């Protein structure tokens, strides 16, 4: 194919990146009108023919995320309706990529299974089975058997009497109890509900838990939905960079090419960081360890890992402070103060093996003395694995949003003797007060790519503290190779 058959449209999320990608391809962005109607609906008009053309639509998932994504969907649909031969969505930062969920079928049924031997409860309502199977099952008594025992207990076998219709109040009560026993297995009793019987509170609670066993708390995660929306709009291909979750392409039924910022990051470390040979690559959490070790191995540098124990432990306390499933913590009479207690392990060789940082939420000193020693506390542990004393540390992460992770990691590294801390990030979203937090943190320099516009970052932190690395060369080369039917595997290791 010739490059004359290619058409590149750009959304309004990142016009600067669109221009740079087109400069690398030595073409001009195609003309498109982007706007909104008075009621806020997206309005798009294509100003160039796309019939039988290879169309690439560049739109990063930043800014007003929902508006930009809807704009992308309408652009894809418009190009497909205008007889484009192929439409590729180029999303340097794929929005909603941090919300992957379990894949589900097109009808909405989750593709999830549980080993049958792990089920320890009967289905409600129960599966119909023959009475012989119910009575012969070891360790189980059916409702019919209990009814049979109740009837036999009222019959005198030595002096048999004619069976009469029971009319006494006692017999009526017994029959009512039997009916209640039979109906209990089919009517769920919610603990604390209006139908709750105090005598059967334990059984009802067990029944309620059994019915909801295996039920996933319905926190909606839009991973599969985003993939289906792009496919339904008419996208034939997706190009993105440094996906937060590597399993995300599995949600698509169209090809997905996930590019990497690793070659550009390695090039920056080699040419822009003094004495990088003695630096340490640091992963701020266990999830990014594979990404960080890939750079460390390629540059033959040391590696360190910061492990966060997110599951808080409730220590022994009064009964009213016990946290159960679905419960809530009692309101503290005083604000909680976070105390950082660092412990440093040193060996005879002088190397620091594992440094632990304990974060304990306790009350202030004045309130602690007045409380009992067994008051409830939460303990959260952060461990640094690796030697960073007198070393330059480079924190490598794919995405920064609130910046809590990298700022806490930088503080821990400085506490453990690091001389300088760099933060090398692919996608800098920086929502809320993230930039203010970074400005007050121990991060000496922030290196970030331009998959998301960084004008506000440069304005707030200054050019002396921020370096923006350009990824348009990798994305442009990927578009050229895909358009010409060439392999893009070289871009994963060597870049453009």
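Including glycine, each Cβ sits where the backbone N, Cα and C put it.
Here is what Swiss-Prot says about this protein:
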BINDING   242, 244, 253, 257  Mg(2+) binding site
MOD_RES   119  phosphotyrosine
MOD_RES   120  phosphothreonine
MOD_RES   123  phosphoserine
MOD_RES   127  phosphothreonine
MOD_RES   183  phosphoserine
MOD_RES   332  phosphoserine
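Feature map: Swiss-Prot annotations on the structure.
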{"residue": "242", "record": "Mg(2+) binding site", "Cβ within 10 Å": "25"}
{"residue": "244", "record": "Mg(2+) binding site", "Cβ within 10 Å": "19"}
{"residue": "253", "record": "Mg(2+) binding site", "Cβ within 10 Å": "11"}
{"residue": "257", "record": "Mg(2+) binding site", "Cβ within 10 Å": "18"}
